[in-house]
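Q: Here's a structure for you.
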Amino acid sequence: MGAQQVAERFAELYGAAPEGVWAAPGRVNLIGEHTDYNDGFVMPFALPHRTTAAVSRRTDGILRLHSADVDGEPVELRLDGLAPQTDTDWTAYPAGVVWALREAGHGVTGADVHLSATVPTGAGLSSSAALEVVIALALNDLYGLGLQRWRLARLCQRAENVYVGAPTGIMDQTASACCQEGHALFLDTRDLSQQQIPFDLAAEGLRLLVVDTQVKHAHSGGEYGKRRAGCEKGAALLGVDALRDIPYDGLDAALAGLGDEEEVVRLVRHVVTEDHRVERVVGLLRAGETRAIGPVLTEGHASLRDDFRISCPELDLVVDTALATGALGARMTGGGFGGSAIVLAEATDVDTLTKATEEAFAAAAFTPPRIFEAVPSAGARRLA
Ligand code: GLA
């Protein structure tokens with residue numbers, strides 16, 4: 001929805017125009033999965049799908065939240081009553097950001113908010129990060145907090161980890177806050193240093209399709225946390241701060257040192273090879289060899305499926321069908337256990353690939369997938 005419509009709906013709900021309107025996008029991750037909580041490398045880019053928020057300040061310690069997707073009156077919360085893991089509804093994400101800002105000493109005294117989102121939820125496309133970041137950016141501007149984008153991303157991650165209770169890394173919030181149109185973001189999650197890598201597929205006759213399997217996932221569920229704990233165990237057994245510290249050419253020696261810890265071996269192997277894949281993709285893109293990243297993406301999928309074990313039959317079917325139909329590469333994207341896959345293809349193959357995927361899902365009696373083209377889009381910004 002456009003900024004003006006969101007502002008008009010705000011005015012209907014709250015009786016006055018908003019002080020401003022902001023938007024923050026969802027993302028897909030090109031490569032670098034489950035590396036962010038291991039201090040490693042990731043390479044997401046922003047989608048055109050976004051959450052838009054019309055916001056005004058309040059001075060009475062009240063936060064009112066309304067979403068176009070939820071019927072009824074705004075939800076009203078008292079800021080001094082906000083406490084971690086007391087809210088299991090969607091309101092926990094924006095309330096968590098306000099809580100994190102206040103906890104960090106920023107004088108936020110209340111807000112009225114109306115939200116409208118086009119990022120599909122539960123699809124592995126970071127609808128939660130978009131929701132967090134749009135609130136953080138709006139309050140940063142309105143309250144003149146002067147926080148840099150990376151700092152806003154950190155506060156949003158804290159909201160998600162502590163307030164909502166989902167043990168996620170820093171990739172999604174940084175992607176939503178920092179991505180730039182026409183670029184993928186090469187992010188070092190250890191120090192949050194960033195490089196914008198030009199990623200203009202259309203200019204090269206290529207397309208990147210997102211296939212949302214419609215299998216819903218949730219990161220507050222146990223499997224994500226178990227993988228994270230397994231990686232931390234691996235780092236502890238290997239005597240490093242994080243798996244990022246195991247160099248690719250030291251992988252075999254590290255794995256040998258893990259003895260019969262079979263599960264940890266698989267997790268470590270995924271993370272170390274995945275960090276290396278990010279570096280390979282960056283190198284190939286810098287060299288102008290965009291088509292050559294396809295097989296690296298596919299290798300990443302095999303590693304997530306076989307070593308990290310977070311794929312599912314629907315995601316595997318997307319990848320297998322894409323590769324059998326001439327795609328350059330394909331992989332699941334995001335946290336796993338459902339959500340979306342990405343497919344890199346020649347522009348001329350898109351229709352055939354779309355049809356083949358839909359047919360394969362129908363033949364397997366899976367829910368029809370949602371397929372759309374991903375164009376690297378702008379990060380969070382003020383619209384009005
Ligand atoms: C989710 C998390 C991210 C990251 C990915 C996997 O999207 O929110 O922090 O860990 O899964 O790469």
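Glycine is no exception: its Cβ is also placed from the backbone N, Cα and C atoms.
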Q: Report the candidate from Y163, Y224 that shares the substrate site with E33, H34, T35, D36, as recorded in TrEMBL.
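A: For substrate, TrEMBL names E33, H34, T35, D36; of Y163, Y224, the listed one is Y224.
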Q: I'd like to verify something. Among the recorded positions L125, S128, D172, which ones have a C-beta closer than 6 angstroms to some atom of ligand 1?
A: D172
Q: If you run the three-state DSSP split on S67 (ATP binding site), which class comes out?
A: strand
Q: Could you state the whole-number distance in Å separating the C-alpha atoms of A123 (ATP binding site) and D172 (active site, proton acceptor)?
A: 13
Q: Hey, of the binding-site residues listed (S67, S126, S127, S128), which one tops the CB count within 10 A?
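A: When each Cβ's neighbours within 10 Å are tallied, S126 leads.
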Q: Where among the recorded positions E160, D172 do you find the Cβ with the fewest other Cβ atoms within 10 Å?
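A: Selected from the recorded positions E160, D172 on minimum Cβ neighbours within 10 Å: E160.
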Q: What average pLDDT does the predicted model assign to the domain 'Galactokinase N-terminal' (8-57)?
A: 98
Q: Cα-Cα, whole number of Å: S127 (ATP binding site) versus D172 (active site, proton acceptor)?
A: 9
